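Engineer: Here's a structure for you.
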Amino acid sequence: MAGLNLLPASPRLRRFAYANLVNTIGIGLYLAGSALFFTRAVGLSVGQVALGLGVATGVGLALMMPLGKLADRYGVKKIYLILLIGQAIAMASFTLVDSFPVFVCVAVVSGIAESGVAGTAGAFIHAISEPGERVVGRAQLRTSTNIGLGVGSLLAAGALAVGTATSYTILIAGNSLLFAAAAVLVSRIHVSTQSPETVAPSPAVSLIAPLRDAGYMAVTATNAVLSLHVTVLSFALPLWVANHTQAPVWSVSAVLLVNTGLVVLFQVRVSKSAGTVPTAARAARRAGFFLAASCAVMALTPHVAAWPALVVLIGWAALLTSGELLQSSGEFCFSFNLAPDDAQGVYQSAFALGPGVVRALAPGALTVLVLGHGAIGWLGLACVFVLGGLGTAAAAAWAEQRLATRAVPARKEPQHDATAP
């Protein structure tokens, strides 16, 4: 990993990368086996699982910003640890679920903890790093996330092959243990008295301060549009390949492998060119064009024979991943550089809320507007990505200008005594 510059140079960021790797291996186990665990081991219907997880996602998103505010008030390390431990407890509790109401309760706890971890991770990185290393450091952490998810999925293969209730339960219990192990590793990361975490939060920074920051929220919204690529890859791709192309269904796995490999190899390198708001804006604009090009290519796949279609899909993966790398790099910079140091928790949570809402709504939107309309749907999505990239670049420039204006104190005019001669 060091040879590819995958590990942060900072000791504290490196420890966090190891904790993140352990954490995401567990998530990989969960993602691979959770649906089968809930339906075959617990005995819930698919509809019940979807409803319960949907409720959990909604509650988690609603509480993301309040949890970020708690991180600003009480210290991001403390809150982040509590949330990791909450995830460990929730996963362990899933193994004891015996009814739908209990499942919903546990899922809500899990959803709150998951959203909280996602929302405060950026603030924790901000607290243990210096300004010049944050964007690249977050890119390195994203790389460890991809590696962890891949390792977790591979480890889950054995349990899935066995296919018993016990084997599925082992996956969920393993995730719980890995969450706990990640919490132990995070607890050993030292936060110095000079770190941004020790900066007292400004009383003027309220829970809804990010929502009142028009520039920051404009970037959050437009960046969230670009983040649609996540659901395109995980949701739209398998359904499109299986139902609308002649490519073998297993080609989905090949595409995902190409995507993961490219992210691991190039995310850090690409992020180095997006360390300032102007360069990140340029990356976002380019991301929109790459993602749009991938949509145009996907629109052609129904007219290509089986094996050539596989080649086209690999090319599609390269285009989509190029957009993903650029979008993620810009996202890292925006979330740090456009937020005040004394309110990183609530601002980072607000920024994470955008992609979170998109991921919740995107499956339905993609089903109706893209998958249901074939090539026209993909070309429409291409236009959305172009507008998202251009909009993010424009919003970032506006947000940076607003931030600079607020940072310069207003010049006081000299007071004149009306009674003076």
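Counting begins at 1 with the first residue displayed.
Heads up, the Cβ atoms here are built off N, Cα and C, so glycines get one too.
According to TrEMBL, the protein carries these features:
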type	residues	note
TRANSMEM	21-43	transmembrane segment
TRANSMEM	49-67	transmembrane segment
TRANSMEM	79-97	transmembrane segment
TRANSMEM	103-125	transmembrane segment
TRANSMEM	168-186	transmembrane segment
TRANSMEM	216-241	transmembrane segment
TRANSMEM	247-268	transmembrane segment
TRANSMEM	289-319	transmembrane segment
TRANSMEM	375-399	transmembrane segment
Engineer: Taking a Cβ cut-off under 8 Å, which residues six or more beyond the ends of the transmembrane segment (49-67) line up next to it in the same chain?
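Structural biologist: Hits for the transmembrane segment (49-67): 35, 38-39, 79, 83, 100, 103-104, 107-108, 110-116, 118-120, 207-208, 210, 345-346, 349-350, 352-353, 356-357, 360.
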Engineer: Going through 79-97, 168-186, 247-268, 375-399 one by one, which has the most CB pairs that fall under 8 Å from the transmembrane segment (21-43)?
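Structural biologist: When the Cβ pairs under 8 Å are tallied, 168-186 comes out ahead.
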Engineer: Who are the chain neighbours of the transmembrane segment (168-186) in space, where the CB to CB distance is under 8 Å and they lie at least 6 residues beyond its ends?
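Structural biologist: Here the qualifying positions are 15-16, 18-20, 22-23, 25-27, 29-30, 32-34, 36-37, 40-41, 77, 80-81, 84-85, 87-89, 91-92, 94-95, 155-156, 159.
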